[in-house]
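Taken straight from Swiss-Prot:
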- 297-521: domain 'ABC transmembrane type-1' (DOMAIN)
- 1-26: topological domain 'Cytoplasmic' (TOPO_DOM)
- 71-82: topological domain 'Cytoplasmic' (TOPO_DOM)
- 106-295: topological domain 'Periplasmic' (TOPO_DOM)
- 319-330: topological domain 'Cytoplasmic' (TOPO_DOM)
- 353-385: topological domain 'Periplasmic' (TOPO_DOM)
- 409-428: topological domain 'Cytoplasmic' (TOPO_DOM)
- 452-499: topological domain 'Periplasmic' (TOPO_DOM)
- 523-530: topological domain 'Cytoplasmic' (TOPO_DOM)
- 27-49: transmembrane segment (TRANSMEM)
- 53-70: transmembrane segment (TRANSMEM)
- 83-105: transmembrane segment (TRANSMEM)
- 296-318: transmembrane segment (TRANSMEM)
- 331-352: transmembrane segment (TRANSMEM)
- 386-408: transmembrane segment (TRANSMEM)
- 429-451: transmembrane segment (TRANSMEM)
- 500-522: transmembrane segment (TRANSMEM)
Amino acid sequence: MKGNIMQLSHTELQSRKKKIAWWQSDALKWLVISLLSLFTCYLIVLMYAQGEYLFAIVTLILVSLGLYVFANRRAYAWRYVYPGVAGMGLFVLFPLICTIAIAFTNYSSTNQLTFERAQSVLLDRQFQTGKTFTFGLYPSDNQWRLQLTNPDDGSLFISEPFSFEATGEQKVMVAPTNTAQTSEPASLRIITQSRQALSSLVAILPDGAELRMSSLRQFSGTKPLYTLGADGKELINQQTGVKYWPNPSTGFYQAVNADGQWENEKLSPGFTVSIGWKNFLRVLHDEGIQKPFISIFIWTILFSVMSVTFTVAVGMVLACVVQWDSLKGKAIYRVMLILPYAVPSFISILIFKGLFNQSFGEINLMLSHLFGIKPAWFSDPITAKSMILIVNTWLGYPYMMILCMGLLKAIPDDLYEASAMDGAGPFQNFFRITFPLLIKPLTPLMIASFAFNFNNFVLIQLLTNGGPDMIGTSTPAGYTDLLVNYTYRVAFEGEGGQDFGLAAAIATLIFILVGALAILNLKASKMNFD
């Protein structure tokens, strides 16, 4: 009996092993995990070698956690949660942390490099000394020869054969010659293609002078413009003797006078340094930033509130109209009213931009014929804001209308029948029955719509580009700019350079403001529901 049981269990075990397909085997799983680990390690090493330490660390953490979750049976339950958590961390938390970190630095178009990299760029600069020779590049078997010509007396120098395959700096001796090369010289295209190799070529004259490529047709005597001081930080100008020190407050190498005071002269490129709360203080105290920031913040709030109000009002009224039982052809009206929602928003915005054209737009042509007026839609702040609200209402009402059409189906007909028996009219039914029953379920969606319009970058960028521009501001700002558009213009359109640190500080303030407004809206909606 026991033998039969053992034989049966052995048979069942064999059959279960046979049922496991090859793509479900542990060997294949570990092979895939091993290959993924090797590929990830390769990517991390590349990121680290290129100086992208932060991205390398984030990639290492996410992939390591992912491999542990999907390879360990104890973490089986986390397999369903980890992709969402990793995505939120990578696309929400990581950019947020980076933005906040940049807000405390002077990171900009003039201060993008690290200190070591900026110092290296400055040390690589050369200045021209001595004579300038024209050159020609001539083939010699499988190598090349460099022929230098002195433009003053026509004397010739020819180099020993060299190859472009050498790495690093390559020194070649040149000797005087009375015979010019008779072979065909290399074309400008070949010289351009080999410019990097020629730039690392050093031609040494018989007197020991060193010549380097200074243009596509010339070799000149050059020397490093700056040399490094004994402390490893000071830079000394070889032409003027001026000494420069790294200024940790500005992120530039600046000249220092005899008293040890900083002078205005500074060297570019600069380097990134931590400046604490200076960017935030600029927003709060610099009048050139404070005035447009406050004005833009107020307009952003008004735009968001009015956009939600208008879209809900128009959408709710149209939903009630197309749901009216006595209306004939309701299906046609529904399709026509929903069409704006089917057209991509950026196409509609550009169409409206043409319609509102002040000189040739159809809207101004019609207003001119009917009323004799031509509003300045793009040059007057009030009319520009009115135009934006009109276009945004057109873009947003179909969504609210669809929601209201669905919610109207949930209202019992008994309520309207009872109100009809009491002698109530359509307006009383709307304000006493329909509106109160629709507004509560719409509240969360209205909050979401408010948050969306608060950061409605595309509408402003395509329709007005923030214009008309404000006068007397230290940063680019317009009357129709939202906070997100203002941040974009500070970061990428500044006349004095792209100030990413200031833009990150404004973006951080926007994040705090939107979060605070969302909390207030949620609390208010909770009180209404209670």
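Glycine too: its Cβ is placed from the backbone N, Cα and C atoms.
Owing to the predicted nature of the structure, the values given are computational and were not obtained by experimental measurement.
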Whole-number mean of pLDDT values that fall within the topological domain 'Cytoplasmic' (409-428): 86
Interface present between the transmembrane segment (331-352) and the transmembrane segment (500-522) (three or more C-beta pairs under 8 A): no
Stretch with greatest number of CB pairs under 8 Å, the transmembrane segment (331-352) reference, 53-70, 83-105, 296-318, 386-408, 429-451 candidates: 386-408
Spatial neighbours of the topological domain 'Cytoplasmic' (71-82) far in sequence, C-beta under 8 Å, 6+ residues away: 29-30, 33, 65
Positions on the same chain near the topological domain 'Periplasmic' (353-385), where near means CB under 8 A and six or more residues out: 299, 303, 462-464, 467-468, 479-480
Chain residues outside the topological domain 'Cytoplasmic' (319-330) and at least six past its termini with a C-beta under 8 angstroms from it: 337, 400-402, 404-405, 408, 430, 434
Same-chain residues at least 6 beyond the ends of the topological domain 'Cytoplasmic' (409-428) whose Cβ lies under 8 Å from its Cβ atoms: 434, 437
Residue distribution over DSSP helix, strand and coil in the topological domain 'Cytoplasmic' (71-82): 9 helix, 0 strand, 3 coil
